[in-house]
Amino acid sequence: MSLSFCGSENNSAAYNVDSGVLNNGCFLDALTVVPHVFLLFITFPILFIGWGSQSSKVHIHHSTWLHFPGHNLRWVLTFILLFVLVCEIAEGIVSDGFTQSLHLHLYMPACLAFMAAITSIVYYHNIETSNFPKLLLTLLIYWILAFITKTIKFAKYTEHGIGPRQLRFCLTGLLVALYGLLLALEINVILGRRYVCFTHPTEVKPPEDLQDLGVRFLQPFVNLLSKGTYWWMNTFITAAHRRPIDLKVIGKLPIAMRALTNYLKLRKAFEAQKRPDGPQPHGPRWIWRALRQAFGKPLILSITFRFLADLLGFVGPLCISGIVHHISKENHTIQPPVRWLGIYFISSEEFLANAYVLAVLLFFALLLQRTFLQASYYAAIQTGINLRGAMQTKIYNKIMRLCTSNMSMGEMTVGQICNLVAIDTNQLMWFFFLCPNLWAMPVQIIVGVILLYYLLGISALIGATVIAILAPVQYFVATKLSKAQKSTLEYSSERLKKTNELLRGIKLLKLYAWEHIFCSSVEETRDKELTSLKAFALYTSVSIFMNAAIPIAAVLTTFVVHVHLSDDADLSPAVAFASLSLFHILVTPLFLLSSVVRSTVKALVSVQKLGEFFSSDEIGEEQEPKATIPAGCTNHSNYQALPLKVVNRKYPVREDWNSYGLQSDVCTHMYVSAVATFTCVHLRVCFPLGQLTMIVGQVGCGKSSLLLAALGEMQRMSGSVTWNSMTFSYSYSAETLLCSPDRKRGPVAYASQKPWLLNTSVVENITFEMPLIKQRYKAVIEACSLQPDIDILPQGDQTDIGERGIILSGGQRQRISVARALYQTTNVVFLDDPFSALDIHLSDHLMQEGILKLLREEKRTVVLVTHKLQYLPHADWIIAMKDGTIQTEGTLKDVQNSEPELFAHWKALMHRQDQEFQKETVAESATVLERKNLRRAMYSREALKTEEEEEEESAESEGEDSLSQAMRRRTTIPWRSCGRYLGSAGLLLLPLLLLSQMLKHSLMVAIDVWLAHWTSDVIRAKIDAARPNCTLGQDCGLSHSSYLLVFSVLCCLGIVLCLVTSVAVEWTGLRVAKELHHNMLKNIIVAPMRLFETTPLGSLLNRFSADTNTVDQHIPATLECLIRSTLLCVSALGVISYVTPVFLIALTPLAIACYFIQKYFRVASKDLQQLEDSTQLPLLSHFSETVEGLTTIRAFRYEARFRQRLLEFTDANNVASLFLTAANRWLEVRMEYIGACIVLIAAVASITSSLCSYLSTGLVGLGLTYALMVSNYLNWMVRNLADMEVQLGAVKRINSLLKTEPENYEGLLSASQVPEGWPQRGEIQIQNLSVRYDSSLKPVLKHVNAHVRPGQKVGICGRTGSGKSSFSLAFFRMVDTFEGRIIIDDIDIAKLPLQTLRSRFSIILQDPILFSGTIRFNLDPEMKATDSMLWEALEIAQLKPVVKTLPGGLDAILTEGGENFSQGQRQLFCLARAFVRKSSILIMDEATASIDMATESILQRVVMTAFADRTVVTIAHRVHTILNADLVIVMKRGVILEYDKPEVLLGADDSVFASFVRADK
């Protein structure tokens, strides 16, 4: 076939120019080539030479990005232009198909135009990024030329009477309009930027965000193509492969997305609703309105995109119908096209009847639909994240103004406030994510049903009804699901509470051999939890089953009804497969229905809660009093001017008052109502400036309330608090002081009664946002004697303390809190009972060095609340309080004169406190003990550290290889964990799971293949029936009944298998959850003590909480989704390859692309998910920290700094969330585009093979339907793969716990071989004993020999770390004995089973450990003892009277850790517990360390009498407690130094023991 521009027929009319050149169609087409050639010739050199040579310009930095006016419109118009040009090319090709020779002029100009359009946008983009507008002149000329040439062509068509019935006429008209608009845009840019024709061009800078190189989230700034395809994320996601993503990599948020910007937007919306007069709006409606006003616009955009995407979604089924219809037409003849101007024209109906055209249209529709859908998701999620940030900031600002009485009166707990942040703001965010669905679902359903009706008639409505009836059932299942989840949550929190107690008290449980009792108690709760998990699994499987079965059921009923309703039912492939696709579309909104409704309900509840929170009481901003306030306290006429209740005390008028008054710094006259239990009434108080005021009084008389009132924390009924500056107007005549009333209170350094610490390092806690001045810091540390404590910490004062760091004791916390107050440079210092948790030495040191020296020297005003009356002589001013009023005030002398009884009472108390001081000097103080505990905790942590460090070092030595290995590890899927997970399911469930899934998907394919076979036969029968040789005698019709029967059977089988698979998955999940938790608990119980000492409690608890929850609830669902989407993709690709084998060739490149996309995405997604989780923690802990330390923060006036920190935390969390969203969109867009390519290739291949080799039409329909499905499921597959990888991390962590070596519980003797009452005598022989904590550590006891006779009382002493405690643990085989042996009553303890050995001894530990439950359970968990035995034990421990008074006696409940008893009483309970056991050997490990002298003497006496005939080993920290022992052992560094009777040792001159005793005295 010859080829020429205008065609080469012999009498070619194409070259006929008799009626003028412009009336020749071919010439008109040639004319339109001119502008395109012009553009290509001019721009190519500029693009290649100009930008190509400056390769840096290609990787342009985003700081130069600038959008010219009309930027987005230009991109939209260019996309439309490209689409129209593609149509023009296609139209040319189709209309050229009717002639003998090829007419290039029909489509070549359009191809050139297409190239020019692409060049124009690339050229424009490069000009824009380099901000060089003068080069846009080229484009201006191009648009003018293109517009003129197209207009001439259009005018000629109109002149010759070619009208809208011809497609080419319409396309030309469209092109004229588009070129015109683009020309107008270009002129607009000239007017905006004035780069030609004007003398002064406008200077424009890029947006502020882009000048800040820290902003890496570029979605708002890139061009439209990059926005739609997330192209800018490419470098980010591929870089994640090379190095992990952290906060540095993701940078800052753009200004418009920061929490502050959005908070201001929200606040403006709230303010807008306030009325100047009348009631102020409050409650949920107020919040909803504000949200709508602040965040409504982007949500409307998201909904619009969603509508467009949903409407485009219906193009798929219609195109399938059209393509199959076109192929199955019996004759492919179409009436010849019309000729004008010597060329052919075709109508749009003929154009759209072409199968290839439809395939291309389908491809474009899919691309557009997916782009719109992802844009909709992105807009909704971004709005949700912005909203969350704004809400969190609003909640925080409210917290900063909250009235503290709300908290203390229990109206609001820290937990509730944290829930608002952690749960309710997230519920709102999710509601915004799902909001577009609320609007889109009805539209989808209505359009779908209309189309089905158009295809199938009335039977479609019946199918739709089936779906509609099952929707409420789905909603019911969803509500049941959330109920089951709630009850599961209750049980799991109960289980966690028990697990927490078990892990906290594990040492005691092991020593008493009670671990299995507690283990079974946890198991019992776990069984309840599993029962409710079963319900959860059941409803989940029903839900999965319905999602899979509803479409099958609907299709089945529809086709059955359709065939039965009419005899000549049109069941052609075109109808069947189009309706199949439509049913798939219809089911989607119904799956979403339940989750959308649930989310809406939750959001309504959350807004209700937020409404209540926002309307709770606030502290008033301090209103400055307008009157002049006398600070002199004389009874003067000026009182009338004050807003005061009647002052109820006469104050003695004193000569030197004026001198005090002059310096008065804080004068508070107030009537304050504090916590409901009492009120401070009518107080008139002055705290003198620069002096030390002490407030004393009994517990609960309002001392702390007075301080809080001065800080403005109490609700003030009347009166005022005035803070004076040093500037006064002083009037002698009035004898009063005029305070300047125009100033607010400055910052006050305040140390609260309950110490409050931040979760940061020690040094940051003390400096508290102040610059670090070395000298001052040292002085403060010294005054609070913190140096020894800091030395113990692993990183010194850089060590993190608080929730996530190291847990300090009460005294240590208090000293840090006081140090913070001392370090600040405020004029006023309030100390609320700083000595309460300190022993006498520290209190004295702090008083002398800190308060009297540091603060006095700086002339700061100090107000000190205290119970330690021995410090009163130091006070410049004393305020004594009683029942919320002031009993007396003045100097100590004044009190002695005015209230002699009170003074005498004080004197007696002072004397008693001095005695205590002497007593405690003898003893080793509590502080030393605290330090010892800390050191012990550190020691075990250190051991852990060194192991980790060694591993790290060895890893580092491998250098680069290890890095690449680690990176490789990040990219591979944890198959081993997956295998371990599935392996736990057992031999029965696993094959069932895999087989049922395979069978189900094979059946699904079988159903569709049968449908294809059936519909093809229908067509064949029709063709046969139309033949002339079909006489009346023959039955030429087709009987549907046999086909229908097979179809129904297959469908029913499919539904049954859906049920089997969904149950199998959930059952597998349950089985694995049960197995893993059971094994983990069993392993933890028998693990050696070393594990608990080296692993932080939090991480062990995490295995039982977060990880178990993942295994219980998340993995099964993800696994099901993953299996389903993978098998669907595999079966779909299989079917397409079967229908058109050619497809396999095209599949290879697509598969490679898929592989790389998922590989890169998984790594980035995992990092971003972890980053999102890790940024949420500091945010939540900042909230709880703030709520707990509210008073302190407000006293210091640090609200602004804390708000700033909140904004940083919120933005960090939000930027991680946004990047995660963008990464998900990046993946989905790419996968959807690959899906669209698969559809295009499958369509073209099947059309071609159908036209050439008569492939049956049913199979074409089948192939196309499956191709459409692939595009839906590809990204699900990758997303689930990524989720699965993150979730399998939990299995991996649990497995690492399961690998711990258990203690050796078996002995050489069985339990039955051990004599019943062993040990009866209690004789202990220790022979050459060496002990270590772990085979990798140094020995802690070396070659120890000792012999204890029955009934002897042995005392062991030595400095910290000398091996005393290890000695006691050796009896219980808690440490590794690698040499020597211990023989008790002639049996070597190494031969006994551990359980038996430990159950025969008693031990009292240094820390009293009690469990929540009854007193009876605490004394005797094994339930072996009778009531009389228990009462006897309590009597011996001096606890009988206490327990008698409790409700329920022995069955009285102890709270967690026995918090409702004092430390001393708890220790006595532990003694009673040891006594109940009645073993002949008792070991006391520093048991009296934490109790006062009185209780200790009781304990000693009890031990001597009650245990008179038993062997008692006492490890002593106060040496005087073992002076009357039978035998004393002095240890040093794991070796016995001295071993004799105490009197012998005391007699010896060089005895270490004697030196200890002397030091003690």
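Including glycine, each Cβ sits where the backbone N, Cα and C put it.
Features reported for this protein in TrEMBL:
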type: TRANSMEM; residues: 33-52; note: transmembrane segment
type: TRANSMEM; residues: 73-94; note: transmembrane segment
type: TRANSMEM; residues: 106-124; note: transmembrane segment
type: TRANSMEM; residues: 166-185; note: transmembrane segment
type: TRANSMEM; residues: 299-323; note: transmembrane segment
type: DOMAIN; residues: 300-602; note: domain 'ABC transmembrane type-1'
type: TRANSMEM; residues: 343-368; note: transmembrane segment
type: TRANSMEM; residues: 430-454; note: transmembrane segment
type: TRANSMEM; residues: 460-478; note: transmembrane segment
type: TRANSMEM; residues: 536-562; note: transmembrane segment
type: DOMAIN; residues: 662-908; note: domain 'ABC transporter'
type: REGION; residues: 941-965; note: region 'Disordered'
type: COMPBIAS; residues: 947-961; note: compositional bias 'Acidic residues'
type: TRANSMEM; residues: 978-996; note: transmembrane segment
type: DOMAIN; residues: 992-1285; note: domain 'ABC transmembrane type-1'
type: TRANSMEM; residues: 1042-1065; note: transmembrane segment
type: TRANSMEM; residues: 1135-1157; note: transmembrane segment
type: DOMAIN; residues: 1324-1558; note: domain 'ABC transporter'
Average pLDDT across the domain 'ABC transporter' (662-908), rounded to a whole number: 76
Residues of the parent chain within Cβ reach of the transmembrane segment (1042-1065), under 8 Å, 6 or more residues beyond its termini: 540-542, 544-545, 548-549, 552-553, 555-556, 559-560, 563, 989, 992-993, 996-997, 999-1000, 1003-1004, 1006-1007, 1010-1011, 1014, 1017, 1116, 1119-1120, 1123
Feature contact check the transmembrane segment (430-454) with the transmembrane segment (299-323), CB under 8 Å, 3 or more pairs: yes
Contact check, the transmembrane segment (536-562) vs the transmembrane segment (978-996), 3+ Cβ pairs under 8 Å, seq sep 6+: no
Chain residues outside the transmembrane segment (73-94) and at least six past its termini with a C-beta under 8 angstroms from it: 103, 106-107, 110-111, 113-114, 117-118, 120-121, 124, 167-168, 171, 174-175, 178-179, 181-182, 185, 223-225, 346, 350-351, 354, 357, 360, 364
Stretch contact, the transmembrane segment (460-478) with the transmembrane segment (978-996), Cβ-Cβ under 8 Å, 3+ pairs: no
Chain residues outside the transmembrane segment (1135-1157) and at least six past its termini with a C-beta under 8 angstroms from it: 1005, 1008-1009, 1227, 1230-1231, 1234, 1237-1238, 1241-1242, 1245-1246, 1249, 1255, 1259-1260, 1262-1263, 1266-1267, 1270, 1274, 1278
